[in-house]
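Asker: Feature table excerpt (TrEMBL):
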- A:85-265: domain 'ABC transmembrane type-1' (DOMAIN)
- A:1-23: region 'Disordered' (REGION)
- A:38-57: transmembrane segment (TRANSMEM)
- A:93-111: transmembrane segment (TRANSMEM)
- A:123-145: transmembrane segment (TRANSMEM)
- A:151-170: transmembrane segment (TRANSMEM)
- A:195-216: transmembrane segment (TRANSMEM)
- A:247-267: transmembrane segment (TRANSMEM)
Ligand SMILES: Nc1ncnc2c1ncn2[C@@H]1O[C@H](COP(=O)(O)OP(=O)(O)O)[C@@H](O)[C@H]1O
Ligand SMILES: [Mg+2]
């Protein structure tokens, strides 16, 4: 009986197995190409709709796609692009820094002590629910026409997320790893560095990624109303000159730029830091 | 020679509250160098609590504990837990180095040597998530031996593993212990395992008192299939049956 079972398990000739694997590969490839095809079709449909809109409303009101594209090239070729984008990005990250400086300690207290959790919980939750536009308006009222407005807006939008995520991270610390460290005579400092912080890192990254998606839009919005430079400021200027093509060009450039930062910088850094997670290893290496 | 002395040790959880419960009561024993001692008893009788107190992770209520090391330097302890307790973000070797004070090359070489002894030399750079439960537990064992502890504490290290893996690891543990001759306090609820591994068995009874202190004088290495081992295992089991009878007549724990 046993021998038969063993025989059956090893009976499948390798050639047959290779054939089946090749077949599965082909099917997967076909599916991939079909998906790419649909992606391209989606883009074409969008552009067609845009062209139709331009024709319907007139290209002064809604410039045609290639006009916007040429405008974008023009913007990139003039020096404005670099100065204004770096201004916007710097303000976004400055806002993050402020948010982290305030949010992380609050989150630490919330995660570590029940009293502080009770103290902060509702306030932080409400602060995280307030619409971003309200923060933009508040920042304008506080700082008026200034670079500090966008920074404050980003900080206000991000800080609650960071606090809640850090708190969640701290609460997720594995007590048994802390006990293990103590049993082997590790110092509190070592335990903080080797157990606490690695536990929190994924949560902080989740917070930053979530915030980033909202933060750069708030940053640009605040610049539109009260910036002295940056992408939002350029959009307002072009709007006042009634150059819709330039407004759209700046917008698309900004979107593209921020997506690149999100994908390349944030995802890469995260994959690098979280390489130990079995499911992340593939992307990290 | 390392000496562990435990004198009149008692532990009450939630002392001074209505939920106060005495877990250990008047425990006294001494372990002198290079001995493998098992602490055996039914679950909930305070074995883990006793180990945690010895390791310093848990406070005790009254009594004394002392551990002296070989050369007057501060005594080192190693601990093997029921679960592996590895840092998931550190590789196997870096997990072993985490509990070392010295980070020099000699220490790394020693860690690798113990990793080799548990058969994981090839897995030094793996993350714990890439190893099976049994392999992770072996890393935990290697980690504890590699600190060259004066006292090695083990808390039911094989109880979460399947029978075949556990048997293999017990054999490995015997080998490593024979080579390194540490002082070991090994907690288990499994009498058969205790007889196979120990020079001496301390039996705890429910309520946290020592019921019996049994010397096991059998040649090593011990084989499960050896009839003298089996006979002694049956004998100790019978004595524990007698304890259960006694357990029913003792007063409930405060
Ligand atoms: N932190 C604690 N607080 C209150 N009671 C505890 C605590 N830890 C353990 N106990 C109790 O102490 C008793 C002994 O626990 P433990 O030492 O884990 O037993 P064993 O390891 O022998 O199974 C159990 O009844 C358990 O409920
Ligand atoms: Mg236990």
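Using N, Cα and C of the backbone, Cβ positions are placed for all residues, glycine too.
TrEMBL annotations: computationally assigned, not manually curated.
Mind running through what each feature is packed against?
Answerer: Long-range Cβ contacts of the transmembrane segment (A:93-111) within its own chain (Cβ-Cβ under 8 Å, at least 6 residues beyond either end) map to 117, 120-121, 124, 150-171, 204, 207-208, 211-212, 215, 219.
Counting same-chain residues at least six beyond the ends of the transmembrane segment (A:123-145), those with a Cβ under 8 angstroms from any Cβ of the stretch are 106, 110, 152-153, 156-157, 159-161, 163-164, 214, 217-218, 221-222, 225-228.
Sequence-distant neighbours of the transmembrane segment (A:151-170) (same chain, 6+ residues past either end, Cβ-Cβ under 8 Å): 91-92, 94-96, 98-100, 102-104, 106-108, 110-112, 117, 120, 124-125, 127-128, 132, 135-136, 138-139, 142-143, 196, 199-204, 206-208, 210-211, 214-215, 218-219, 221-222.
Listed as Cβ neighbours of the transmembrane segment (A:195-216) (distance under 8 Å, sequence separation of 6 or more from its ends, same chain) are residues 88, 92, 95-96, 99, 103-104, 132, 154, 157-158, 161-162, 164-166, 168-170, 172-174, 177-178, 181, 254, 258, 261-262, 266, 269-270, 273-274.
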Asker: Which residues of the chain, 6 or more past the ends of the transmembrane segment (A:247-267), have a CB below 8 A from one of its CBs?
Answerer: 63, 68-69, 71-72, 74-76, 81, 85, 88-89, 205, 208-209, 212-213, 216, 220, 231, 234-235, 238-239
